[in-house]
Amino acid sequence: MPELSLELPARCTSLFEGKNILVQVPTLRTLQVTAKTAFIFILPQYNISVPTADGELVHYCYGLKDLVTILFYIFIAIILHAVVQDYALDKISRRFHLSKVKHSKFNESGQLVAFHLTSMIWCLYVIVTEGYFSNPRSLWENYPHVYLPFQVKFFYLCQLSYWLHALPELYFQKVRKEEIPRQLQYICLYLVHIAGAYLLNLTRLGLILLLLQYVAEFLFHMARLVYFTDENNEKLFNAWAVVFVVTRLFTLTLSVLVIAFGLAREDNQTFEPEKGNFNTLLLRMGVLLVVCLFQTWMMWRFIHFQLRRWREYWNEQSARKRAAASATIAKQQSKPLKRESGYHENGVVKAENGTSPRTKKLKSP
């Protein structure tokens, strides 16, 4: 194979004492092509240098190449899913000898607890470091937020990858047919909301809404895990009920504040998809309507769930009372009757000395 002598730049020759380095040309070209291809899969694309007072910052926007990155992280999510299942959940479920129905729900909640906990910590870190908590006006000021910091874009790509990987996991985990519609429902809802915030450049608002949602979901699935191990322990369900209602109120309030009031005051009120601007009255009302409908649907399901729990609780209490009452009646019936003093002879009670306990009537003269 032919070899080519490549001389190093002047600043590097002193390190090698002026010697030349022999590099194989086909190998060098292969490495360059492989590296460029690998970067498309691993790192976010469409980076742009934005000048600032301190220098330049690298920001990112979205495009079709994001689908390649999402595909790569779908495979990573499948691998991590299998690791959590094999090394944690299967060992715990074997210890508690769960039934098939409980085993399926235990695996679902266990996977979601790990994901929600990781996403909560990551999302909170991004929000704090980007200053969205300290400056709430940044949620709508200078819209559209086309240029994203690296950690914001990478967070959204990983979120989309996880919920897309959940679709083939329905087959890999051999989920029961009656459970598939329910799981498809919430997977599609997550994908619609995350992709909508990403494509409509509402990523800042989407981060906070995701944080609120994941806090409530984390508590719910933790309560399910505790309930499967101890059916008498329902304290976490009560804590989840309070957090769920509070997060719904915060979600609706923040959505109305940002979409209906904040974006409505921005000067740029035109529809310009090429610039990433979707700040029109029709689109704002459409997004707000979707958020409100979703929160209303979740509240309706929550109320239905609580009513079912209370109904089961009162049925259980009434069954226990009926069982206690029947046990008391059975004990009373099983007690022996007290016999009168003496004994019976031909249906007549005789005294112990053989005389009748009845007083004899004296014949009248």
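Along the chain as shown, residues are numbered 1 onward.
In case you wondered, yes, glycine gets a Cβ from its N, Cα and C as well.
Summarising the annotation, TrEMBL assigns transmembrane segment to 70-89, 110-134, 207-227, 239-261, 281-303. For 104-313, the entry in TrEMBL reads domain 'TLC'. The feature region 'Disordered' is assigned by TrEMBL to 325-365. Positions annotated as compositional bias 'Low complexity' by TrEMBL: 325-335.
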According to DSSP, how is the compositional bias 'Low complexity' (325-335) divided among helix, strand and coil residues?
10 helix, 0 strand, 1 coil
Counting CB pairs under 8 Å, which listed stretch among 70-89, 207-227, 239-261, 281-303 touches the transmembrane segment (110-134) the most?
207-227
Cβ under 8 Å to the transmembrane segment (70-89), counting only same-chain residues 6 or more beyond its ends: which ones?
41-42, 106-107, 110-111, 114, 157-158, 160-162, 164-165, 168-169, 172-173
Please compute the mean pLDDT of the model over the domain 'TLC' (104-313).
92
